[in-house]
There are 2 protein chains.
Amino acid sequence: MSTGMKYYKDNPWLIGEDVFNIDWLGKVEAAMSLGNGYLGLRSVTEESYIGEQRDTFVSGTFNKVSENEVTELPNIPDLIGMEFRLNGKRLDTTKGLLTDYHRDLNMRTGELTRSFIWEYGGIKVQCNFKRFVSFSQKHLIGQLVEIKNLGQPVEVEFISGINGQVTNSGAQHFTEGDKVLTEGKYMQMMPYTTQSDIFLVLSTTHKIKKEEDIYHESKKRVEMGRRKIYNRYWINLDAGEEVEIEKISSIYTEIDKEIEGKTIAEVKNIALKELKKAEVTGYQKLFEKSAKDWEDNVWSVLPITIKSKNFKDQLAINFARYHLHAIAPAHDQRMNIAAKGLSGEGYKGHTFWDTEIFMLPYFTFTHPDIAKSLVTYRHLGLEGAHKKAEENGFEGAQFPWEAAWPDDGETTPVWGAADIVTGKQTKIWSGFIEQHITSDVAFGIKQYMDVTGDQKFAREKGFEVILDTAKFWASRLEWQEDKKRYEILEVIGPDEYKEHVDNNAYTNYTAYWNINLAIKLYEKLKENEQHIFWNLDKKLKLSQVYEQWIDKVDKIYLPKPTEKGVIPQDDSYLSKKVIDLTKYKQSPQVGTLFHDYNLEQVNEMQVTKQADVLLLLFLFEDLFSKEEKLVNWNYYEPKTVHDSSLSLSTHAILAADLDKLDLSYELFNKAMNIDMGENMLSSDDGIHAASLGGIWQMVVFGYGGVRCLDGKLRIEPHLPEAWSNLTFGIIWRGNPLIIEVNKKQVSVTNNGSSQISFEAFGSKYCVSVGTKKNINI
Amino acid sequence: MSTGMKYYKDNPWLIGEDVFNIDWLGKVEAAMSLGNGYLGLRSVTEESYIGEQRDTFVSGTFNKVSENEVTELPNIPDLIGMEFRLNGKRLDTTKGLLTDYHRDLNMRTGELTRSFIWEYGGIKVQCNFKRFVSFSQKHLIGQLVEIKNLGQPVEVEFISGINGQVTNSGAQHFTEGDKVLTEGKYMQMMPYTTQSDIFLVLSTTHKIKKEEDIYHESKKRVEMGRRKIYNRYWINLDAGEEVEIEKISSIYTEIDKEIEGKTIAEVKNIALKELKKAEVTGYQKLFEKSAKDWEDNVWSVLPITIKSKNFKDQLAINFARYHLHAIAPAHDQRMNIAAKGLSGEGYKGHTFWDTEIFMLPYFTFTHPDIAKSLVTYRHLGLEGAHKKAEENGFEGAQFPWEAAWPDDGETTPVWGAADIVTGKQTKIWSGFIEQHITSDVAFGIKQYMDVTGDQKFAREKGFEVILDTAKFWASRLEWQEDKKRYEILEVIGPDEYKEHVDNNAYTNYTAYWNINLAIKLYEKLKENEQHIFWNLDKKLKLSQVYEQWIDKVDKIYLPKPTEKGVIPQDDSYLSKKVIDLTKYKQSPQVGTLFHDYNLEQVNEMQVTKQADVLLLLFLFEDLFSKEEKLVNWNYYEPKTVHDSSLSLSTHAILAADLDKLDLSYELFNKAMNIDMGENMLSSDDGIHAASLGGIWQMVVFGYGGVRCLDGKLRIEPHLPEAWSNLTFGIIWRGNPLIIEVNKKQVSVTNNGSSQISFEAFGSKYCVSVGTKKNINI
């Protein structure tokens, strides 16, 4: 008997399990979740089990359950559930004899399958379940159930429809909503979100095929109850007989762009019409169309192949890319990727710096259209960012630590988990003082503009965000008369285990960078693009703030290395107590430190949650020498518990940069195991979206050696020992480049339409259109 | 292997089961539910199973989830749940080997027990669970868990606390609420209802006794999440070792009278203080105190003993009394008994005519203080009744078909289950046109005043309700110029399978009775109690309406018998189609008619849901001859499907009156089986409270032959063949009477302080204080 997730040496597209363990439901639900950016489904089984988290999310449908709570992505009525009874006995695979059990997600096609033989109380059946969320028809979900009777005659009874009794862990986001059954088989439910007042139209139907009878008319009865509408069916199977049940469902919401302005009644009719069409098309064709879209829009675009001694490496990059596309709401610029994607209730569907620093680079370098949507979201968020700045007494755009609908402003909840010492809920300070998000947003936009060369976006949106965020920082700086410098006091840096610190290095450096960037941009625009300049000046009163920038920028305090070369994480970090972290660093679980200490106590120790100074050294590598990086690595890594999934990828890339390839590869393995590993509880609240972006970064930035530094491309690969070959692609200023790396050589093929130049190992190279450049490593 | 509920021949106080079947969870949860009128608990197991309905209700805490739904009794956060793991394996009694399984409710003491030996994956443990809702300390719930290790060393891990993730079938009634842990073990949660803004203070703690260690300090950790606060404990048990876990919990709400005006912080502190006290007292003593209160306040008050060939008869009357006291909110006149008591979400905690016609008589005749509270509730409901009358263009007091908080007015939902023909939700018309509730309320109050002789209530409240309801009826009558009479058109009578009928006999007769009663009362008060009269006249403008009453009362159309002596249920009933009902009458399930027809179709058939004309003949027996009753019995009973739990008791009593004792006894058995029978799904939404009142009525009115007719007591017993003796008591005008009946004789003992007189078999009797009167039957 194996345990945990199952992977297949010969197939880097499958993740699955061959043991059904109800203690691990959450892992499978999240790691094998389905989605198309518009909607996401946790991969719960059709029948219910204790401990399941039956979640369906639709991007952007944010709602607030009460004034005391923050807005969140609501768990919408369930379309997936189906309860079976065989000769009156409830199908429950934890009972009886379960053999040939397999549950797999095929990431290439986006199909989830489950199959088994179940023997219980005289019944013996072969059951196959299939499911997909359509990648080509965003509103559509397909399910197929095959039951073959391997024993004596059996009556298959099942109840299936739409279940609106689901909640977000007890919080209900919807009104009851109308329920309608049409022609005895098309079920629809039309609830509204309680506060944001968005209507949903949920529809489902069943098509039953028994042997040759394609539209089998089984005995059935509608059952409508509170927040639910079901049909109950009875089908008799003689020995050897088989039944196929197709359940086709769809979701529409009032905010869908293509139905803008339509009434709920009109959308109900559209949904019904489309559902009938899909019913005729049938599961298999609908699925094939969806799989083709995965192939065309994801897998065949700049494929990544890793030749490694460890087959899981290829699997990991496939896993990362699969989920990034399943959760990115590429269809609507008013939406962004959530920290848990669409795969769990964790972090309430909110967007963090996880996007800009961890996930956006993947899209910027490989799917610039999606990246454009994600950076446009931040431009749409300026209104909320102004609101936040104003509320806090600042100027310009202060981006929210957690973002939901673009103009919502700050949506970080105020109260978190229990303090083990006081027993009271801990206050979450991030929404108030974790301010580096503002420069992170500017960083992501700058990288997007540099890599894509998207001038239109830059002129219409990107420049504005960079200037507006710099305005914020200029107003945020605090003059210290005694020290004759500007400081940034009372913040949380990337290391969230240090609250209320002064002069967090990452925050100060990135604020400085942001203002400096704005100064250069101001000067460049004033000089070269006067029309753009005057528009922005009118909007942002740039001429006034420019003087401030110039006056302040060089007086910003940038924490300098100690004599030993250690950059202080903040003013007090280096004077705090050092404790033995072995126990916590070795724990397969994160956050175990809090079984022994509360946050107040951890605040007083040299313990770092995640890359902080080291992230600075990675993102702004030009500012620091390799030696400085090494000193700081040696100082900070041992004090870092990696309690955030955002930590390992940064460390792995930096380790690769520092020629610690074995260590880097070890971290790479740890990072992929955040969601794919043996800790079967780590993904209960959803997959770790930033970590997925991190997987791509480790491959392409870490081992592929790609960087965009001050608008210039650099490619300096260094493969880990286990890898013999790495092939990947990036799009540089619209030109697809295919990069193939082995231990001795890197080749760059320019499949674009203009010549590109880059730097590698200290030299500069040009690659003409349609040619390949080989460089020895 | 037995199936269904288990009863014990030698103990009429126990109901239980010795097979654990998760398809029958609902039956046990409801039929074995616990309560004290203040709060009610469905008897879910500590650990969760699919299909459970984990409900806790507190009387009067009504809340509306949205403007489109009606107010309902919210399911409050769960205090009962405890999840156990033994050596990491979740306790799940559907797995492994379960032996010696018993789950029983001791109705005498109000204690629920569950015990079994569980062997699974190398573990062998004896588990005993006990639980009670305190009858003496209304806020308190006690639980005791004993785990004895019968096998190899085992680690017992359990997680237990307060779970606010529960909903009413998906509808959330509470805000998140503060959560606090004090001294590492006292957990509190303080949510508010979302619309009625009532705060709750929920508290719980655990006391762990391992062998001699009374306050065993086990390893533990707090876990606070969304809407939940738990402690997780770990206890190691060597072979043969045992652990006892006491979980003591309490519930307070803002509407509790004894904490009126206190802030949530104050109530939190009171709750904590009381919890600590209860913890010290411990489960056993708290339980004994509660059991004593059951004995003193319920069982020793006018005990009922039945000597029958069938032991279930005694059990049934105990079952009825147990539940009536568990669900009657005797502590607060602003509350009344719900149709499902506090044992399920069915009917949303609303009060119907079920109280006055079915349950109130029990309290009126045996617990007049509780009856007084229940009738006072209706007086408090006058404001809502005025509101309803006014909204409908009538005068006086029109009582709501469904009532919640007294001044809420009508709370009947507008939409019900699906129509099998159209697939759409059916409109519920009762709230609009089922108007007999108004005379039912007057009937209950009149009976209360007649039986108790409570002059204070009569003068301060009762008279007013009778006059005010008569005002409604006078305004409701519709003059038919062609027929020169007043009719009542477009109503639903007790038979809810006939909607929009004219001149429903029950409605017309009771309206007539109500007005007539008001006329007599008016005249009597004006003559004899002028102070009371003038007060009421001022309030209700009686002098004006009296003229109307006099003018209208004799012109009210009272449906007269046909030539064959059949009283038409309404104007059109007798002309409708007669269909074969055998299939539906024989079905153990109710409502099966709707598997074949929709309500519109049933409306056109001579099919009656429940006693309608026959109820009239029972309640107003003086108006009809025995022959008329027989004719109508023979006509209507075969057309009645008894799809309401309110139907059988009326039929059983009437059958007894008509000397059809065998048939009556058959109906008595069917009636007790509504909740106690083999249909394991019939009580899923809660016990049938009116049916419980009906059980008492069948015993005391049916076989004990007790009636209060126009203010006079009649006692004419007639026992069914199986019964050799029946002893029961009633309180007549403050005098407890003990009535003992056998086949030959009835004796009436007057334990009161004044002489009482009654009629029996056509003769009149007087019983002096302290004496017994024997009458031959």
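Cβ coordinates come from backbone N, Cα and C, glycine included.
The model shown is predicted, which means the values in this text are computed figures rather than measured ones.
As written in TrEMBL, here are the features:
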DOMAIN    A:17-253  domain 'Glycoside hydrolase family 65 N-terminal'
DOMAIN    A:319-697  domain 'Glycoside hydrolase family 65 central catalytic'
BINDING   A:TRP353, A:ASP354, A:LYS609, A:GLN610  substrate binding site
ACT_SITE  A:GLU496  active site, proton donor
DOMAIN    A:707-765  domain 'Glycoside hydrolase family 65 C-terminal'
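Structure with TrEMBL features highlighted.
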residue: A:TRP353; record: substrate binding site; DSSP (3 states): coil
residue: A:GLU496; record: active site, proton donor; DSSP (3 states): coil
residue: A:LYS609; record: substrate binding site; DSSP (3 states): coil
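Apart from A:TRP353, A:ASP354, A:LYS609, A:GLN610, the substrate site neighbourhood in this chain, defined by C-beta within 8 angstroms of the site C-beta centre, holds A:PHE352, A:ILE357, A:PRO494, A:GLU496, A:ALA611, A:SER644, A:SER645, A:LEU646, A:SER647, A:ALA690. The recorded positions examined here are A:TRP353, A:ASP354, A:GLU496, A:LYS609, A:GLN610; by Cβ neighbour count within 10 Å, the least packed of them is A:GLU496. The average pLDDT computed for the domain 'Glycoside hydrolase family 65 C-terminal' (A:707-765) is 97. Across the annotated binding residues for substrate (A:TRP353, A:ASP354, A:LYS609, A:GLN610), the two most widely spaced Cα atoms sit 16 Å apart.
Geometry remark: A:TRP353 (substrate binding site) versus A:GLU496 (active site, proton donor), CA distance 13 Å. Residue counts for the domain 'Glycoside hydrolase family 65 C-terminal' (A:707-765) by DSSP state, with H, G and I taken as helix and E and B as strand, are 0 helix, 39 strand, 20 coil. It is 8 Å from the Cα atom of A:GLN610 (substrate binding site) to that of A:GLU496 (active site, proton donor).
A:ASP354 (substrate binding site) and the residue listed as 'active site, proton donor' have their C-alpha atoms 14 Å apart, to the nearest angstrom.
Cα of the residue listed as 'active site, proton donor' to Cα of A:LYS609 (substrate binding site): a span of 6 Å.
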